[in-house]
Amino acid sequence: MKISQLFLGLVACSTAFAYAGIDGISSNESNIKIGAAANASHPGGVAAVSVQAAGAPYNAFTGFSSLKGLAQAFAAQGTSNTNVTVGSKTFNISHIPVSAMPPSHSALGNFNFGQVGTQEVYFGEWWKAGDTPASASHTVYYAGDNTNTTVPTAGTATYTVAGINGSASNLLSGTFTANYGAGTLEGTLTGTGTAVSSLSLDGVAFNPGTAAFAGLATANGTAGVDNSGVVQGQFFGANASALAGIAQFDNVSYNTAFGGAKN
């Protein structure tokens, strides 16, 4: 089914993927599932992820902060965990290629994900071992702690936003503007060295009561223009201090995860 045909359904169920204390979405829950409970051997933080595609016992929920530790522990083998400045904001970016993993962890596949500052808000991508970000297994996701989240109902604000699309070293970046009174979110991300060179939000609307947003997107890049995109995401924190979301396209190589901090 085409992504554009899914838009109304996604808007209708924009809160269907909420967990106790966590809001999050995966573009393909057969591959990646977002949750709030990490198992005892992989704790840390609140937001957690399960690699459903790996099967038992590798599909247990793992805290994102635990995955950050994995990215730090195997740096000599090719993983990385670094702080990146975008505008005036800091994002912590983790890169975990399957080629750097010991055999005991190879079933976990490939991870690129970011954290918005020090908040419990994450966004990223995954694909199977042996695949590429252009393959059908390319999955984007976000997860965040929704505790004490509030969204203003008047005024405007800008967000410095980073996007992940096929690379942890080449980020998309840009500014989103939220009009709290009108309930709209707009902006564009641009970058180089990724399948997507620009991604623009088109008619994205949000409900301050649920803090969720949804709408359409257009991307341009290595395969030309794709206007089939659907955006879904969430504000997090007091006065909507952060946001995260995903954009899905008919061309899965254009699928992008993003997160942002309020200026």
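Placed from the backbone N, Cα and C atoms, the Cβ positions cover glycine too.
Annotation source Swiss-Prot lists heme b binding site at His42, Tyr58, Ser104, His105. The signal peptide annotation in Swiss-Prot covers 1-20.
This view paints the features noted in Swiss-Prot onto the structure.
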residue	record	CB count, 10 Å
Tyr58	heme b binding site	17
Ser104	heme b binding site	8
His105	heme b binding site	15
Return one of helix, strand or coil for His105 (heme b binding site), based on DSSP.
helix
